[in-house]
Amino acid sequence: MLCCACSGPRSAATLQINPYEYTIQKKIIGSNGAVTSAHPLASETGVSIMKQGGNAIDAAIATQLALAVVYPGAGNIGGGGFTVMRLSNGTNITIDYREKAPARAHRDMYLDKQGNAQTALSQNGHLAAGVPGTVAGLFGCMKYAKLPFTKLIQPAIDLAENGFVITESEAHDLNRTRDAFIKYNTVTPVFVKAGGWKAGDTLVQKDLANTLKRIRDKGMAGFYEGETARLIVEEMKRANGIINYDDLKNYQAKEREPVVFDYKSYKIITMPLPSSGGVLLPQMMQMIEDQPVKAYGFLSARAVQLMTEIERRAYADRAKFLGDLDFYKVPVKKLTSKAYAVERMKDYNDQTAGSSETTGAGLIPESEETTHFSVYDKSGNAVSVTTTLNGGYGSRTVVGGAGFLLNNEMDDFSIKPGVPNMYGAVGADANAIAPGKRMLSSMTPTIVLKDNKPFLVVGTPGGTTITTSVFQTLINILEFDMSTEDAVNKPKFHHQWLPDEIFVEAAFPQPVREQLRQMGYKVTQRGAIGRTEVIRIDANGTIEAVADKRGDDSAAGY
Ligand code: GLY
């Protein structure tokens with residue numbers, strides 16, 4: 001029997017991995033290690049790996065592979081992501097396994113003859129897919145792991161082969177996506193079930209299990225070459241896809257120089273470009289650092305107005321300047337300098353709403369199915385991973401015979417200057433499509449150090465809301481002294497320059513909305529913002545892992 005959303009911390013010793021009977025834990029306290037992710041089975045898989053002698057990196061690899069099975073909407077091997085690590089020896093590492101544009105991609109590939117943007121093509125089906133990076137990213141992490149890869153991937157193989165019981169929200173999401181699965185596939189995937197899915201049904205993924213076995217047996221070549229590559233290329237040929245054998249064989253994950261900056265007495269480590277978070281988070285933290293936000297108080301109109309104006313300035317820069325540094329010269333040093341942050345806030349007026357240009361902005365939809373997980377082990381290794389297919393179930397195209405979903409990450413490029421992507425974000429030349437280029441991302445996996453030791457491991461899904469959610473979660477803890485649960489679960493808000501409005505969650509207080517409207521802001525209620533997963537490590541070594549209340553997210557630890 002599946003028991004959902006048990007409240008309150010529970011002794012980790014009672015947790016077991018049983019794919020047919022599991023519980024959602026929103027908070028766990030431990031002293032040895034913890035994982036918090038979008039799915040209980042994935043979190044428990046990571047912890048079981050630590051119990052078998054693995055470190056946080058082993059656990060992160062096993063968790064990501066398990067998510068690819070139990071959380072098909074965003075956990076993936078057909079997408080990409082970013083990993084930020086703080087190793088117990090004090091080294092900071094980031095691994096970029098963002099998808100890349102295929103060699104046959106070009107700047108105008110989503111424009112029709114009249115030059116109109118065809119977002120249906122950048123968001124759905126075969127042509128929406130970038131070259132997947134996740135499997136290369138996992139192998140990029142292996143040099144910091146202790147256990148053999150064969151051991152780390154086995155739980156995912158078992159979950160795919162023998163099946164697991166799905167939750168109510170997974171059943172709902174699969175049913176809601178049924179028509180798209182039928183439309184965008186050449187071979188009907190296992191995600192389509194006659195009569196529809198319900199909570200407690202078992203999802204078995206034999207094709208995916210076989211793909212995972214090829215990766216287990218042949219390493220990266222088990223995905224980027226041989227049978228899996230053949231299945232991907234054959235799938236492309238059956239529709240309008242353009243990923244070819246060379247795109248797959250040439251894909252490489254990259255270790256990049258981590259972004260490290262100070263916020264008061266804390267050190268913050270996050271992901272550089274192509275994560276826009278690596279520019280926006282330092283910008284926003286430095287813009288707020290000298291402001292009396294704590295005195296204003298959490299969710300006071302003054303605090304929200306201040307943070308909104310900070311978000312507006314950062315996202316305006318995102319649209320103009322940010323893209324893949326391997327292809328475009330981005331003035332990162334200037335954008336992230338304290339002097340620039342001070343300059344940007346010079347025209348800040350704490351009484352009235354600022355203004356953004358209004359052309360080309362669209363609405364923000366509420367399907368933002370990236371996923372984040374945080375991992376920590378008692379020897380001091382911290383791993384923060386955000387990974388994605390982009391939208392929920394990505395392109396909705398499953399590679400026939402290989403059983404995994406392809407991303408629709410091409411939509412994160414600016415397919416035409418000023419045309420909003422599925423998150424309403426606009427871009428320019430810096431993020432235009434080019435063969436082999438990585439599309440700009442908002443994913444912001446982050447680690448905060450206190451006294452030079454890991455204090456917070458944090459991140460979230462949520463499209464363009466990712467960086468503002470990480471920003472707000474950090475301010476909630478570092479300035480408003482909130483408990484971890486409150487920092488994660490209290491209402492969030494979001495402003496991204498265009499559209500020029502503040503998006504708020506349903507629980508955002510009505511009186512504050514009114515005060516903001518009186519200042520001149522457009523305030524729009526929307527669905528949940530993010531699913532933030534935080535691990536907090538206290539000076540005495542206590543590990544607290546909190547999973548966001550907004551989904552099936554679950555913490556595990558011991
Ligand atoms: N696809 C969401 C992101 O990378 O920002």
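Positions of Cβ are set from backbone N, Cα and C atoms, glycine also.
For reference, TrEMBL has these:
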BINDING   ARG98, THR388, LEU389, ASN390, ASP412, SER441, SER442, GLY463  L-glutamate binding site
ACT_SITE  THR370  active site, nucleophile
The residue listed as 'active site, nucleophile' versus binding-site residues THR388, SER441, GLY463 - nearest by Cα: THR388
Other CB atoms within 10 A, centred on SER442 (L-glutamate binding site): 29
Candidates near ligand 1 among the recorded positions ARG98, THR370, THR388, LEU389, ASN390, ASP412, judged by a Cβ under 6 angstroms: THR370, THR388, ASN390, ASP412
Candidate with sparsest Cβ neighbourhood (10 Å radius) among THR370, THR388, the listed recorded positions: THR370
Cβ neighbours of ASN390 (L-glutamate binding site) where a neighbour is any other Cβ within 10 Å: 34
Protein Cβ atoms within 10 Å of SER441 (L-glutamate binding site), excluding its own: 31
Count of other CB atoms lying within 10 Å of the CB belonging to ARG98 (L-glutamate binding site): 30
Cβ-centroid neighbourhood (8 Å) of the L-glutamate site, ARG98, THR388, LEU389, ASN390, ASP412, SER441, SER442, GLY463 excluded: GLY79, GLY80, THR370, ASN407, GLU409, MET439, MET443
Lowest local Cβ density among LEU389, ASP412, GLY463, which the record lists as binding-site residues, within 10 Å: GLY463
Three-state secondary structure, which DSSP defines for ASP412 (L-glutamate binding site): helix
Where THR388 (L-glutamate binding site) sits in the secondary structure, as DSSP reduces it to three classes: strand
